Amino acid sequence: MNQIEKTGELSASRFTVRDFTELVKIGIVNSNTITAFTGMWLAFQLNGISFIQNVDVIFFTIVGSALIVAASGAFNNVIDRDIDGIMERTKNRPTMTGKISGKRALMVALVLGVVGTIMLFMTTWQAGVLGVIGVFLYVVVYSLYAKRKLVSNTVIGSFSGAVPPLIGWFAVEPTFSIVPIMLFLVMFCWQPPHFYAIAIKRKEEYAAAGIPMLPVVKGIERTKKSMFFWVILLTILPFFMFDLGIVYVILATLLNIGWLALSIYGFKMEDSIKWAKWMFVYSLNYMTILFVAMVVISIFL
């Protein structure tokens, strides 16, 4: 065993809680768990199902969703080890520094994925199947193929990112209705402008890593047009969500108008990087306010 291997093995044996949270991408785990909770909460509220009497469903849904998202993040870190070292924002991930070896990261991902999937199947089989589909789309379709091969990688990756609210809904009420469909579409349409904002800020890094992000391949102006398109789609969705009441529709519409105005301003603003930062921050606040509002407003319906 050479010195590098010894150092890597020593580091991997000492990885911390922080290393673990970075491996599973805890920020993404948290945000996706919130959307899963929202889907679950709305299923309880809108279908007159007791929240208190289904503590087991709540537990298995929330923890199961968090675990499969964490597994997906860990799988992604294992897959991207060959390019993470090139990018500034990913070069210090524990799989790159040697704090967590590729083998150990893979084992963590497998365990999290299996346990999370079992927990989701303990609610309804539909929730379990959706969990499996979400992991497959993110790990296999997106991480292994689309991310490195297709300019449409962000849109393709948005399918998996829109699955958690469906899991939450179907864990409680395993039938289709307009609400879970709209939750899926909100998440699906929100992701391209959110991640394109990151791609604009990190354009040079993505180019160096050979990742065909839209700003790299088609340019920033083309990316701005695409972001504008997805925000327009978002402005339509509240009008199909009157089940959540007029207050929600008005709030969502105001948020959409604000984002639409910021998107339009991007065509006039010369500093595209600064504008992308504004779009990124707005997207985070948008999603937080929107999903918290869904939960709070539904209490009074």
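The count begins at 1 with the first shown residue.
Every residue, even glycine, has its Cβ placed from backbone N, Cα and C.
What Swiss-Prot lists as transmembrane segment is 20-42 (among others).
The feature transmembrane segment is assigned by Swiss-Prot to 55-75 (among others).
The list of residues near the transmembrane segment (105-125) in space but at least 6 beyond its ends in sequence, with Cβ under 8 angstroms from a Cβ of it, reads 20, 23-24, 56-57, 60-61, 63-72, 74-75, 77-78, 94-95, 131-132, 135, 167, 170-172, 174. The transmembrane segment feature in Swiss-Prot is assigned to 105-125 (among others).
As annotated by Swiss-Prot, transmembrane segment applies to 126-146 (among others). Below 8 angstroms of C-beta separation, residues 61, 64-65, 68, 71-72, 75-76, 79-80, 113, 116-117, 120, 152-153, 156-157, 159-161, 163-164, 166-167, 170-171, 174 of the same chain, each at least six residues beyond the ends of the transmembrane segment (126-146), sit close to that stretch.
Taken from Swiss-Prot, the feature transmembrane segment applies to 150-172 (among others).
Taken from Swiss-Prot, the feature transmembrane segment covers 176-198 (among others), and the record attributes it to sequence analysis.
Residues or ranges marked as transmembrane segment in Swiss-Prot: 227-247 (among others). Counting only same-chain residues 6+ beyond the ends of the transmembrane segment (227-247), those with a CB under 8 A from a CB of the stretch are 42, 46, 178-179, 182, 185-186, 189-190, 192-193, 196-197, 253, 256-257, 259-260, 263-264, 266-267, 279, 294, 297-298, 300-301.
Per Swiss-Prot, transmembrane segment is recorded for 249-269 (among others), and the stated evidence type is sequence analysis. Within the chain, the transmembrane segment (249-269) has long-range Cβ neighbours (under 8 A, six or more residues past its boundaries) at 193, 224, 227-228, 231-232, 234-235, 237-239, 241-242, 275, 278-279, 282-283, 286, 289-290, 293, 297.
Below 8 angstroms of C-beta separation, residues 31, 34-35, 37-38, 41-42, 45-46, 186, 190, 193-194, 197-198, 201, 244-245, 247-248, 251-252, 255, 258-259, 262 of the same chain, each at least six residues beyond the ends of the transmembrane segment (280-300), sit close to that stretch. Positions annotated as transmembrane segment by Swiss-Prot: 280-300 (among others).
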Under 8 Å between C-beta atoms and at least six residues away from its ends: which parts of the chain pack against the transmembrane segment (55-75)?
23-26, 28-29, 32-33, 36-37, 40, 105-106, 108-110, 112-113, 115-120, 122-123, 127, 131, 134-135, 138-139, 143, 160, 164, 167-168, 171-172
